[in-house]
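**Q** Pasting in a structure now, in structure tokens, and then I'll have a few things to ask.
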Amino acid sequence: MTSPAPGSRNAAPAPAPSTAATAPKPLTKALEDAMFAKATAPLGKMFLASLSGGAFIALGFVFMVTSQQGMGEWPVGIAKLIGGVVFSVGLGLVVISGSDLFTGTTMTSMPRLSRRITTGQMLRHWGVSAGGNLIGSLTVALLIFLAGTHATNGSAWGMVVLDTTQAKVSHDWHQAFFLGVLANFAVCLAVWAATAGKTVADKVLAVAGPIALFVATGFEHSVANMFMLPMGLLVKYGAGAGFWEGEALTEAGRSLGDYSSITVGAAIWDNLIPVLLGNIVGGAVLVGAYFWSIHRRGAEDLAKS
């Protein structure tokens, strides 16, 4: 008996694609392939993908700041949980759009360990990604400032920015480093989990948990800070007298002098540098190299991959 010809009325319908999550071993290979593609992409494409990556993470932080206005009376755990969940919008957009995030691309340690790329290619990608993320983040910060968002709700929005920025520049150097390790440990696990998903809903839900964890707990993410620290500096040095007379700041008894620790030097030395280094360890070692050693080391097809 012959089978129905393809396209005929009696042909059996094609099976629906599986929505089951990818198993760990093929997932590791798929993520390594994705990191290889990122590290070997044309320079222009790499840079453009990084611009949107920084901008989307900045938008996630914008949403987080908005959610924290007037939350002083709430239990601190619930307030932070809400902030963490809404922040996950940023990484969700990065994953779905195929944008490039420096913290995630530290997992190019995987194709490097498989000898598919050189150390130079890996470091070039890190540099381009970090630079593009910075420009994207700064662009959103400037747009938000020019829009006057910091002065909304009686300057409550700007006060959240200032309080958050001040907390970020108040860490000891070693503390900022380890907070960076933990943040990118969580972020790269979120990317890992999202890669296992087959649908948009899978990916968004996979991202939400680890991202809410790191934000709510107060871990430090270098790309997010590329938005928040400049935003804090813009508000501190650029906001007019009307901002400082806002109802939220007045009721809290805050003035410009209360934010003396927010400086360019503190933002760079006390936060961005140690956090960025910690992010590299968290992503490249604790996630990328770790899972590569479990699922890819000694694979039969390694030399052909």
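Count begins at 1; order follows the chain as displayed.
Glycine is treated like the rest: Cβ placed from N, Cα and C.
Annotated region 'Disordered' per TrEMBL: 1-22, in sequence order. Residues or ranges marked as transmembrane segment in TrEMBL: 46-66, 78-102, 123-147, 173-192, 204-224, 272-292.
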**Q** When each of 46-66, 173-192, 204-224, 272-292 is checked against the transmembrane segment (78-102) for Cβ pairs under 8 Å, which one has the most?
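**A** Top-ranked stretch among 46-66, 173-192, 204-224, 272-292: 46-66.
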**Q** Which one, 123-147, 204-224, 272-292, has the most C-beta pairs under 8 Å toward the transmembrane segment (173-192)?
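**A** Going through each listed stretch, the top one turns out to be 272-292.
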**Q** For the transmembrane segment (204-224), could you work out the same-chain residues 6 or more beyond its ends whose Cβ comes under 8 Å from its Cβ atoms?
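**A** Distant Cβ neighbours of the transmembrane segment (204-224) are 53-54, 57-58, 60-61, 64, 77, 80-81, 83-85, 87-88, 90-92, 95-96, 101-103, 130, 133, 137, 167-168, 171, 176, 179-180, 182-184, 186-187, 189-191, 193-194, 196-197, 271-272, 275-276, 278-279.
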**Q** Counting only residues 6+ away from its ends, which parts of the chain sit with a Cβ under 8 Å from the transmembrane segment (123-147)?
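**A** 38-39, 43, 46-59, 62, 100-102, 105-106, 108, 222-223, 226-227, 230-231, 234-235, 238, 276, 280.
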